[in-house]
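Chemist: First the structure, which I've put down as structure tokens, then a few questions once you've had a look.
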């Protein structure tokens, strides 16, 4: 039987701060990567910043709910075993309500940011229809559940007079079906977003090993889906077992922190696909080359690093953001022979754009441009 895990206030503080700080590092690295490639900041970048801001807001609500409320803590009971509805319990319910709203503004924009990133990388008529449809679905999902959570009780102040799903308040809807539909649809949307770019990657004329490597970067989003699934399990358990549980604040705590975990993991996954320029710059740095030479010269007689021996390529055609950029059909001297690939990906992107796989009727694509 699934039971609520042991929880402490210290764990709530750690979850609220550490994960959010790690997500912040990923966002900073994302913008550093854009600067390395000298790319303009796009809408998907700003949406990630927007999502991160509301992730911080959600974390603050979680911290306040723990410090001033009794999140992650057992309620006080009277001599008859009934919970005492004191100020700490009210603070918990207020922060629970506020966190339900802020989490939607953290999770929804992150999903849209991923879809906009896909649209800068890939082109195609069917692909455009799919991504536009998903953007509309995610936008509608975010708005619908934001307001559904906001007006769960009318007037709104009734939301912190009784825990959600306990019933007994004529001013509130039965929140459990709404919560369950929210988490189920969340997992479905995440899965759809995750698989969108994979077919186009596998249409590229690249070695299978490189296709797997590129796909794996996007499939890092599986971590966020895992968090969504965990949240779904927790919400489902709480939804079916909440009635009759007097220790409400302790029992409801998992539905507070799992959305925050999901939001942070989604931000990390959305940024991971953008970080290759930083890794490449690090690999080309003098200290890294020296380190590789020192390791390469031990025991095997190998004194030159792989990067020194490999055939140089034309840096002007590098894919910005790790997978995107204008592919230069011209080959300079001392470059690898290119594999010419014709991509019938539908309508063409404007020639002035530096992001995305730019299709200009036909172009020469080097098989090493997507190496990991």
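Heads up, the Cβ atoms here are built off N, Cα and C, so glycines get one too.
Any TrEMBL annotation is an automated prediction that lacks curation.
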Chemist: Could you tell me which of the ranges 12-33, 276-297 is annotated in TrEMBL as transmembrane segment?
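Modeler: In TrEMBL, residues 12-33 carry the label transmembrane segment.
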Chemist: Between the transmembrane segment (129-151) and the transmembrane segment (214-235), are there at least three Cβ pairs closer than 8 Å, leaving out pairs fewer than 6 positions apart?
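Modeler: The answer is no, given that the two segments have fewer than 3 Cβ pairs within the 8 Å cut-off.
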Chemist: Considering only Cβ pairs within less than 8 angstroms, which of the stretches 12-33, 45-69, 214-235, 255-275 has the most against the transmembrane segment (89-108)?
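Modeler: Counting Cβ pairs under 8 Å, the winner is 45-69.
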Chemist: Quick one: find which recorded stretch in 12-33, 45-69, 255-275 has the most Cβ pairs under 8 Å with the transmembrane segment (214-235).
Modeler: 255-275
